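As recorded in TrEMBL, the features of this protein are as follows:
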TRANSMEM  12-35  transmembrane segment
TRANSMEM  47-69  transmembrane segment
TRANSMEM  89-106  transmembrane segment
TRANSMEM  162-181  transmembrane segment
TRANSMEM  207-227  transmembrane segment
TRANSMEM  264-285  transmembrane segment
TRANSMEM  361-382  transmembrane segment
TRANSMEM  402-421  transmembrane segment
TRANSMEM  427-445  transmembrane segment
Amino acid sequence: MGLPELESMAPAIGVSVPVLRFLLCFIATIPVSFLHRFVPSATGRHLYAAVTGAVLSYLSFGFSSNLHFFGPMLLGYASMVLCRRYCGIITYVAAFGYLIGCHVYYMSGDAWKEGGIDATGALMVITLKIISSVINYQDGLLKEEDLREAQKKNRLLELPSLIEYIGFCLCCGSHFAGPVYEMKDYLEWTERKGIWKPSEKGKPSPFGSTLRALLQAAICMGLYLYLVPQFPLSRFTDPVYHEWGFFKRLGYQYMAGFTARWKYYFIWSISEASIIISGLGFSGWTNSSPPKPRWDRAKNVDVLGVELAKSSVQLPLVWNIQVSTWLRHYVYERLVQKGRKPGFFQLLATQTVSAVWHGLYPGYIIFFVQSALMIAGSRVIYRWQQATKGTMFEKKLVAMNFAYTLLVLNYSAVGFMVLSLHETLTAYGSVYYIGTIIPILLILLSKVIKPPRPATSKARKAE
C-alpha cells in the first residue's frame, strides 16, 4: 500500500501515518510467522526469521531502525566471541547504555504519549534478547551445581552461529512487542528438537488458540476505542478535574488506568497470536486423556488476573509476563547472594532496571518506585492474612488486599501514562498522595507490629 493510501486511511481511523504503518506491519507478523512453519531446513528457517524481521522493521520504521538494532546485536555477539568470561556484564552495560541513549535522543515517551511511534519500543525487546542470550552463554562456563534452575535450563554451552543469533533477535517481527523468549527455546523450535520433536502424540494444532488470541485482541481494541475519548489524560491538568470531590478524582484515576490497559491487552494479544501460529508458542502437552497442547509460552498477559488481582504480588505474574520473567531471572535472582533471602533492595533494584528500560522519564521512575512500595505493602497484608488463617479476620484481610491493590495500582499508573514530573505530582497531589502514604504506613507498621506466626507453623515447630 502506497503512502497516499495510508495518508487517507490514517485520519479515518484516528491514528497517525507512522502508527498505521506500524499496525499493518505488526498484524503482518501473523501470516509471516505462519509461513515460517513451511520453510524446509533449520538454516532456511533461521534465514527466514532474520530476513522477514529486518524487512518488517524497514517497512514499519525505515532503514535507520535496522542500523539501531544491528549495532547492539553485533556488539553482543562480538563480546561472546572475544571475551566469554565477562561478556554478560559488557553487554549488559553497553546494550542498556545504547537503549538509554536512543530513549533520550528520540524522546520516545513523548512520541508514544502523543500518538507517534519510533523503533525504540522494538529496540527495548531486542535489548532484553541480546542480554539474555549473552548471559546464558557466559553461564555455560559455570559448574552446574552453582546454577539456579533457570540458569541450568537456559544456559548455552556452545556459541550460536551469527545467523542463528540474528534470527533469534529479529524472528519474524516478534521484536515489535515481544514476547521475550529464550535463545535455547528458539534454537530447539527452529531445529525441531525438544518438545518440538515429532512424537506419537501428533503435531499440535495452533489454530484454536490463535483464533482465541485474535478474538481477545478485537474485544480489547473495541473497548479501548470506546473508553479512551471518555477518559483523556489531559483531564488531570484541567481545572474542572480539580473542582471535583476526592472520590470522583480517585474514580477518574481508576478509569484512566483501566482504559490505558486495554491498549496493551490488544498489542500483547496480537503478538501472542503471531507466536502461537508459528509453533514457537507451544509449551508441551497436558496430562489429560487425550493430551491437549498448551500454548502459554507466548502468553504475556492474563486480563482477568490483572483486573481481579487479589494481591499486588500477583501482578508481575499476570502483567507483561515474559518481561517480568526476564527481570526475575536476569536481575532479581542474580542480586540475591547464595544462602540469603531476597529483600526490599532486590525488589527496588529490579523495578529501577525496569524503569530505566522504559525510558528516563520521571513518570516511569516514580511508577516503578511506587510499584516496589505497592508490592512491599501488599506483602505485609498477606502476612497478616496468613497469621489469621481460619479466623473471622482472614476474609476481611483478603478483601483489604484486593482493595489496596486496586487503589494503589491505578494511582501509581498515572505516572506511567502522563510521564512528566509536573503532571504526575499534580495527579498524585489531587488525591493527597494516598497511594504513596498507605504502602509506606503498612511497611512501617510491619516493623513495629510483627504479625504472629500462623498456627500451622507453631504446630509443626512443636512436632
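Note that the numbers count up from 1, one per residue, in the order the chain is shown.
Even glycines carry a Cβ here, placed using N, Cα and C.
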Of 47-69, 162-181, 264-285, 427-445, whichever stretch has the most CB pairs under 8 A to the transmembrane segment (402-421): 427-445
Selected stretch (most C-beta pairs under 8 A with the transmembrane segment (162-181)) from 12-35, 47-69, 207-227, 264-285, 427-445: 47-69
Chain residues in Cβ proximity to the transmembrane segment (264-285) (below 8 Å; excluding those fewer than six residues from its ends, i.e. six or more beyond): 26-27, 29-30, 32-34, 36-37, 171-174, 176-179, 181, 185-186, 189, 195-196, 201, 204, 206-207, 209-210, 213-214, 216-217, 220-221, 224, 291-301, 303, 320
